[in-house]
Amino acid sequence: MEKLMSKGDRVFTVLVYAFLIVFTLLILFPLFYVVSTSFAPEGDYYRGFFLIPSSWTLEAYQYLLYNPSFVSAFKSSVVITIFGTIISMTLTSLMAYGLSERWLKGRSVINFLILFTMLFSGGLIPTYLVVSGLHLVDTYWALWLPGAVSAFSVIVIRGFFTSLPYELKESARIDGCGEWRLFAALILPLSKPVIATFTLFGIVGNWNTYFSAVIYLNDGSKWPLQVFLRQMLILEDEKIGELAEALFTYTPAARMAAILITALPLLVIYPFLQKYFNKGMFIGSLKG
């Protein structure tokens, strides 16, 4: 039989639920406002603040989907995200696999150098000079290569690989399995939690790329969505490159619709990878 709560416990429980409800409403309110504004007709903006539009319309979404500048920015974000994540996960997982193997000579030194890079940054100007010297400015490679391998990701994924039974890998080698096949057919399938976790990190990071794009991409047709949104929301009174004409025609509904479309891919992807998140992070961190 459950113990009855005292008066103090009941009051505390009510206060906790009240706080959580208020906190949840504060989080959901901006999202609700963005959604309702994106479906509102243009006339609603002249009657002041509102939460529910007088009528629901898809004009803002239709305008964006037929706008060449927005479509170009969306395509750029998709390209940057897909190839950036593939490059990052390929290089990171291969490096982590090598460092997890006992036969690798000098792996302690390499591990120390990896940790050392977490303490000191290469700096913005030296990085730009290297990228410029390699003639990567105004190309997507300038966004992909400088941050392709993360020290934190290598350490955690290496820890996960190390947690796998060493005897299992030795048995596969005895049966004639080469290193590439061992990595692709055995290690990666067993490492779905940590691979999915850092794939999610890579997708979010590449999709939200802004600072690097501003620095390295001069061609407006290559700008990703985050740069495009800034021009739309903050710098709309300035003529910037090829977006000048479009910026002066964006209504508040179009801006809110652009924000929702930008956030939608991550909202769709996250539920499929979220189940691996905790397991991948904790196991990799503990063993690392």
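We number each residue from 1, going along the chain as drawn.
Keep in mind that glycine also has a Cβ here, set from the backbone N, Cα and C atoms.
Unlike curated records, TrEMBL annotations are generated automatically.
As recorded in TrEMBL, the features of this protein are as follows:
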DOMAIN    74-269  domain 'ABC transmembrane type-1'
TRANSMEM  12-35  transmembrane segment
TRANSMEM  73-97  transmembrane segment
TRANSMEM  109-129  transmembrane segment
TRANSMEM  141-161  transmembrane segment
TRANSMEM  182-204  transmembrane segment
TRANSMEM  253-273  transmembrane segment
Ask   = Is the count of Cβ pairs under 8 Å between the transmembrane segment (141-161) and the transmembrane segment (73-97), pairs 6 or more apart in sequence, 3 or more?
value = yes
Request  = Would you mind listing the long-range same-chain contacts of the transmembrane segment (253-273), meaning Cβ under 8 Å and 6+ residues beyond its ends?
outcome  = 34-35, 37-42, 45, 59-61, 63-64, 70, 74, 77, 196-197, 199-200, 203-204, 207, 225-226, 228-229, 232-233
Message = Please tell me whether the transmembrane segment (182-204) and the transmembrane segment (12-35) touch - that is, whether there are at least 3 C-beta pairs under 8 Å between them, with each pair 6 or more apart in sequence.
response = no
Message = Under 8 Å between C-beta atoms and at least six residues away from its ends: which parts of the chain pack against the transmembrane segment (73-97)?
response = 140, 143-145, 147-150, 153-155, 157-158, 160-161, 183, 187-188, 191, 195, 198-199, 202-203, 205-207, 209, 213, 221-228, 261-262
